[in-house]
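Record features, source Swiss-Prot:
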BINDING   16, 50, 151  N(7)-methyl-GTP binding site
DOMAIN    30-209  domain 'Nudix hydrolase'
MOTIF     111-132  motif 'Nudix box'
BINDING   117, 126, 130, 151, 183  Mg(2+) binding site
ACT_SITE  126  active site, nucleophile
């Protein structure tokens with residue numbers, strides 16, 4: 001069952017509050033971010049795992065490279081093990097407990113729209129870059145979703161847009177190859193991420209877009 005135009009569906013995770021709304025068009029501006037809900041040729045939903053967690057990236061942006069880290073403990077569960085080790089190395093006092101060795105920062109593939117690009121050209125470029133040129137697009141879906149995400153950890157709001165993207169590659173074509181992209185460390189099936197905090201709303205996004213092809 002889908003949502004009608006402008007109807008809003010809300011999801012909440014320990015970190016995020018996400019509003020999902022179906023819209024007619026994606027606005028074109030320098031701040032527009034577009035993402036693809038990618039479906040493989042054999043029907044699997046794809047998701048990317050970032051090389052760096054958003055929490056660690058935010059900490060780095062606020063710190064001098066030689067400084068002692070000041071880190072809220074509520075951020076620790078949203079970081080990679082190697083990032084936690086780096087924080088522990090710089091701790092003046094305290095310790096890090098309850099590390100989740102299986103944490104991954106899941107994201108939809110896509111990025112920021114260039115002013116000279118169409119929406120679909122932007123997605124083709126981003127998918128090519130983030131997959132080390134392994135992903136090629138067969139066709140795009142017709143439904144557009146607006147995602148409004150409030151990051152409760154940093155009290156910031158992000159707006160992005162998403163559409164389905166059916167690709168020519170199978171899951172096996174993509175899952176057994178290394179990726180050297182600066183942002184993405186791995187591309188995998190969303191079906192393998194059922195224990196992730198983001199799984200529920202990411203699954204909803206895929207179901208909305210795919211079933212409305």
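Note that the numbers count up from 1, one per residue, in the order the chain is shown.
Glycine too: its Cβ is placed from the backbone N, Cα and C atoms.
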>> When DSSP is mapped onto helix/strand/coil, what comes out for residue 16 (N(7)-methyl-GTP binding site)?
In response: strand
> When the Cα-Cα distance from residue 50 (N(7)-methyl-GTP binding site) is computed for each of the binding-site residues 117, 126, 130, 183, which gives the smallest value?
Replying inline: 183
> Between residue 126 (Mg(2+) binding site) and residue 151 (N(7)-methyl-GTP binding site), what C-alpha distance do you get in Å?
Replying inline: 23
>> Beyond the listed site residues 16, 50, 151, identify every same-chain residue whose Cβ lies within 8 Å of the center of their Cβ atoms for the N(7)-methyl-GTP site.
In response: 15, 54, 78, 105, 107, 149, 153
>> Check the DSSP secondary structure of residue 50 (N(7)-methyl-GTP binding site), expressed as helix, strand or coil.
In response: strand
> Between residue 183 (Mg(2+) binding site) and residue 151 (N(7)-methyl-GTP binding site), how far is it from one CA atom to the other, in Å?
Replying inline: 20
